[in-house]
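Asker: According to TrEMBL, the protein carries these features:
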type     : residues : note
ACT_SITE : 264      : active site, proton donor/acceptor
DOMAIN   : 13-175   : domain 'Histone acetyl transferase HAT1 N-terminal'
DOMAIN   : 274-325  : domain 'Histone acetyltransferase type B catalytic subunit C-terminal'
SITE     : 187      : site 'Interaction with histone H4 N-terminus'
């Protein structure tokens, strides 16, 4: 009973770190105490373990408030109670130490000092060269807000320190995030800012960013690979990711040295975003016209997509299927069947590869081992999996087309 009582007591001192970490992008001093401007991490396991729990505190609040432009940081740890010696020498987690591991030096612990820094935000200007400006209508503000995308490299004065502050957000919003070695001059950075007014002055708020690494391709080309992309939570769902990715594609398309553009370990959300952007870009290509789509996937599509938009064959094929669906009357059974067979033929590729591999190893397997392998590749099961894959693809493609219709 005593043990159970102790466990219950200790459980009271466990805090969900995704709730405990409070993030803000502060434009005005009044934002500091405004709960509506607070947002929380999607992930905190990289600092606090798989359970995403901090032990030793009640009412734990880890405040990481950043000035909207320069990302100057206010860091505070608050709690209503903390474990003491009467809990049999159980130590509380070193929450402050864990946070200090990921945020660069130069942060503030005093609110008044942080407010004095806010007054200097008018001095902050976006780094690098302006690539694209666009507007988004904000219903809440009742006006069009202006956004700018800038391209920068690590040699830009002041950018290194700014980037150190910016990349801390990765730990909270990308599941397998890691910091990059910025000294490598093959890195390109694309920054997204909102342009806004305060007391008659023009200021800039950080919205998101993308990092791209330029790999060498023999003999004289490069392959830009998107490494990290993040739109900060207060700005998500407003179309900024598509604007950023499209701008990056257009930037590299202008270079004859670029072979194609890829992504490193893309997330499901990134693939959906890329589908939308690439389909939108390919609408301007002659080889993807309605007439050509009805004739099937072609070498012409592959070469035009690569030459004009730096899209590789795999992604060009996906674009073709999405646009083919757009041009197909799926209520017509014959046309729907043609489309289904076209997609399934591509999806069947991995199964066909497995069968070839099975044929190779048949000679060196005992009968019982061979039976086991054959059972794993049961034909009926293959058909079921293939149908499920097709239906999943159809859902994804229709979502892209819905977004395209609204663009």
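Using the three backbone atoms N, Cα and C, a Cβ is placed for every residue, glycine included.
Please treat TrEMBL annotations as automatic predictions, because they have not gone through curation.
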Asker: Round to a whole number and give the Cα-to-Cα distance in Å for the pair residue 187 (site 'Interaction with histone H4 N-terminus') and residue 264 (active site, proton donor/acceptor).
Answerer: 14
Asker: So for residue 187 (site 'Interaction with histone H4 N-terminus'), how many other CB atoms are inside 10 Å of its CB?
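Answerer: There are 17 such Cβ atoms around residue 187 (site 'Interaction with histone H4 N-terminus').
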Asker: Taking the Cβ of the residue listed as 'active site, proton donor/acceptor' as reference, which residues of that chain separated by at least 6 in sequence fall under 8 Å from it?
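Answerer: Expected: 213, 225, 226, 227.
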Asker: What mean pLDDT does the predicted model reach across the domain 'Histone acetyltransferase type B catalytic subunit C-terminal' (274-325)?
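Answerer: Per the prediction, mean pLDDT sits at 97 for the domain 'Histone acetyltransferase type B catalytic subunit C-terminal' (274-325).
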Asker: DSSP helix, strand and coil counts for the domain 'Histone acetyltransferase type B catalytic subunit C-terminal' (274-325)?
Answerer: 40 helix, 0 strand, 12 coil
